[in-house]
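Participant: TrEMBL feature annotations, pasted as is:
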type: COILED; residues: 28-62; note: coiled coil
type: TRANSMEM; residues: 336-360; note: transmembrane segment
type: TRANSMEM; residues: 381-399; note: transmembrane segment
type: TRANSMEM; residues: 483-501; note: transmembrane segment
type: TRANSMEM; residues: 513-536; note: transmembrane segment
type: TRANSMEM; residues: 587-609; note: transmembrane segment
type: TRANSMEM; residues: 709-735; note: transmembrane segment
Amino acid sequence: FLEKEIKKDGIPMLDTGDNPDAPAPREMIDLEATFEKLENEMKEVNSNSEALKRNYLELTELKHILRKTQNFFDEKEQNVAEEAQHAFESDRSQIIERQPMQLGFVAGVILRERIPAFEKMLWRACRGNVFLKQAEIETPLEDPLTGDQVNKSVFIIFFQGDQLKSRVKKICEGFRATLYPCPETPAERREMAIGVMTRIEDLNTVLGQTQDHRHRVLVAAAKNIKVWFIKVKKIKAIYHTLNMFNLDVTQKCLIAECWCPVADLDKIQLALRRGTEQSGSSVPSILNRMTTRQEPPTYNRVNKFTTAFQGIVDAYGVANYREVNPTPYTVITFPFLFAVMFGDAGHGIIMFLFALFLVLREKQLAAAKIDDEIFKMLFGGRYIILLMGIFSIYTGVIYNDWFSKSINIFGSAWIADINRYTANGSCGAGYAECVNLSNTKDVQLNPANASEFTGKVYPFGVDPIWQLSTNKITLLNSYKMKLSVILGVGQMLFGIFLSFFNHRHFKKPINIFCEFIPHIIFLMCIFGYLNILILWKWATPYYVQNSAAAPSLLLGLINMFLFKYADENDTNVPVSSKLFYSGQKPIQFMLVALAAICVPWIMLVKPYILYKRNKSKTARRALMSEANGATPNDQDVIHHPEQVHQENIPEEEFQIGEVVIIQVIHTIEFCLGCISNTASYLRLWALSLAHAELSDVLWSMVFRVGLSINGWAGAAVLIFVFIFWSVLTLAVLLVMEGLSAFLHAIRLHWIEFQNKFYTGMGYKFVPFSFDQILETSHIEAE
C-alpha cells in the first residue's frame, strides 16, 4: 500500500543496495506496529484529502454554474416570448398563456461526452416540453477518486409542472449528473458566488497543507521502504518454510526433513549454533543425518563463469544424482564447435570485444538492473560469448579468414613464374610477391606441379594464396568435411568413455561388459578406422603430390561393407577404387566382423545375464522362505534403528520381455545413431562454408563497390558503403549466423554427445536462499 502511494506521488525510492538480515520476532513486532501506524495515517490523510477534493470539486462546479447560468436567465424571457408568438401565429387553438415565473428549472454539471445522449433522452422522455441550455467548462476538473482530469459541461433545464420536474431529476440521476441549487434572482446569485469563492480559497489552503503533510510522510517512508520489503520477504519466507515442519509426538519441538549438500554439513551446524545464540534459546537445534531410498536431488556448484554453461546442460535435462556432469567439458567443446562453424577471425574479434565489455563492466551493468529481455540474455551468457569470440579468432586464423580475406603472415609456400595468370604479365616471381592483382585471371593451384609448389607447409593455417585460386572451394570443402568427421567421432568416443565412469560409480559392471566395451569396439571398427584413413591420406606425401591418384574414402568405406575390392593389377580399375595399403582386405574384414559381433553382444548378452541372475535370486528367496517360514518379501527389508524416516518403495518385478525390448531399442538406436550422428557432425563443414561464402559475397558485392571508385567521390561513396557493409555484417553474419551456429552447437552437444552417457532424468536441488527469493519476487513484480 505504501509503495503504491509513493509511486502515485512520483517520489523516488532510495535503494542503497543494503541486504539486512531477517528481523527477529521482537523486531518484527516493532515493524508491524510501524507499518500499521503509517497505513492508518495514510488512509486517514487520503480520506480527508478525498473529502476536501470532493468539496472543492462541488464548489468549483457551483462557481461555474453561477457564472454560466446568468446568460441563460438573460435569454429566458426572450425565448419564451418568441415561442408564444410563434404558437399564436401557427395555431390559435393551441395557445397556452405562459408567465415567466411559472417555469421551473434545475441546473447542474454533467460529463461532456454524455451531453448528446442526455439531450436525446430529455427530448424523448418529456416529449419536447423542456428547454435545455448547456455550456462547456473550459478548464478540466480533477476527479477526487481517480485523480484524472475530466471535461464537464454546465446545463440548465426549464420545464413546467411537478411531473416534468420529477422526470427530469430521474433522468439527471440516471446520467450521473450533479444538480446544484441556483437562486432565481441576480442578487442572490451574486451573493452566493461571493460565498463560494471565499470557501474555495479556504479549501485551497487546507488542501495544500494536507498535501504537504502527505508528501512528508511518504518521503520519510520512501527512504526505508526497500529495506522494509527485504525484511518482510525474508520473514515471510521463513514462516512459509516453518509451516512445512512437523510436530513431534510431544508437540514441544519441530522436526524438518530436507536435503542438504554433504560438504556443507559443518556450515549448517555452525549456522544452527549461531541462530541458537542470537535467539537466546536454551535448547540447541539438533541436526541428524538420515538414510533414505529416495532419489536425492542433483546439486552442481557453479560460479558466474560456469552458470550459463550449466544452464545449457540443464535445459536438456537435470542430471541424475551423482551422474557425470557434462558442463566442465562443455565449457571448452561448446565454444570450440561454435567457432568451427563460425570461423572468421575478424568477426571473432568483434564478438570478443563485445563480451569483454560486458565482463569488465558486469558490476555496473548488474547494478543498473536493465529490464530488457534481450540484454538480460546476452549479459547472462557473457562468458559464453567471450569464449566463442576467442575460439572464433583461433579457427579464423587456421582458416586464414579475416572478413573473407586472407593475411600473408609467414610467406606463401607457392613460388613460380605466374605471368601466365595475369593479363599484362606484370606480376612478380611469386604469388606472395604479386603487386597488382586487379588484372589477375583465374588462378588454379596444382600441388603436383613442382615448379609452383615448394613442398613446404605453411606454418599455421591455410596458405593465403588459396584466396586467389578458383579451386579454393575444392580444397576447403575436402579439408572441412574431413575435419568435421574427425571432431565428431572424437567427441562421440569421448562421450562413450564418460559412460564408463557412470557405470563404475553406480556399480554396474554388467553395463561395462555389455554396453561400454561393445560400444567402443563398434564405433572404432567403423568410424575410428575412417578417421585413421583420413589421417593416413593427409600424412602420405605421395597423395599430396599426386592427389589424382589418391583412393576415395567414401568408396573405400562402402566397399569395406560390400567386401568388394578391385584388382590392383587391372589397369582399367578407377584410381578411386584402389586400396590404401597392402593387407587392407583382411584388416577391413576383421573390423567388419568385430562390428557385426557387437550387435548381438549389445542386444542379447545383457538380457540373458539379468534373466539368469533373477532366476537364481528367486530360487534363493524360495529356499530362505521355506527355512524361516516367512514370506520372501520380509527377507528383503533391512531395518535401521538409527533411521528417522524410511520409505517403503516396492521392488519392481523382473520382466524378461520388457528387458529384451528395451535392449533391442537401445541396440538399434546406438548402431544407427553412430551413422546418423557422424553425418550430423557434417553441419560443422556446411555452416562454416555458408559463413565464409556469405562473408565473401558481402565483400565482393558491397565493399568492393566503394573501393572501385577513385578520387574524392570514391572516398565519399566508401563512407556510405562501409556503413552499409558494417550493418549487414553485424545483422547477418554476427547476429543471424552466430545464432544459427549457436543453436547447431547446442544440438550437437544434446543429441550427438550427451546421449552417449547422460540420462538427464533427475531433479534440481533448490536450496532455501534469500537471494533467490528476493530475485524471484523482483521478477514477479516486474
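From the backbone N, Cα and C atoms, a Cβ is placed for every residue, glycine too.
TrEMBL annotations: computationally assigned, not manually curated.
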Participant: Which sequence-distant residues neighbour the coiled coil (28-62)? Criterion: at least 6 residues beyond either end, Cβ under 8 Å.
Facilitator: 1-2, 5, 109, 137, 141-145, 152, 154, 178, 180, 192, 196, 199-200, 203-204, 206-207, 210-211, 213-214, 217-218, 221, 228, 231-232, 235
Participant: Examine the transmembrane segment (709-735) against the transmembrane segment (483-501) and state whether at least 3 Cβ pairs sit under 8 A, considering only residue pairs 6 or more apart.
Facilitator: no
Participant: Check the coiled coil (28-62) for me and report the mean pLDDT.
Facilitator: 88
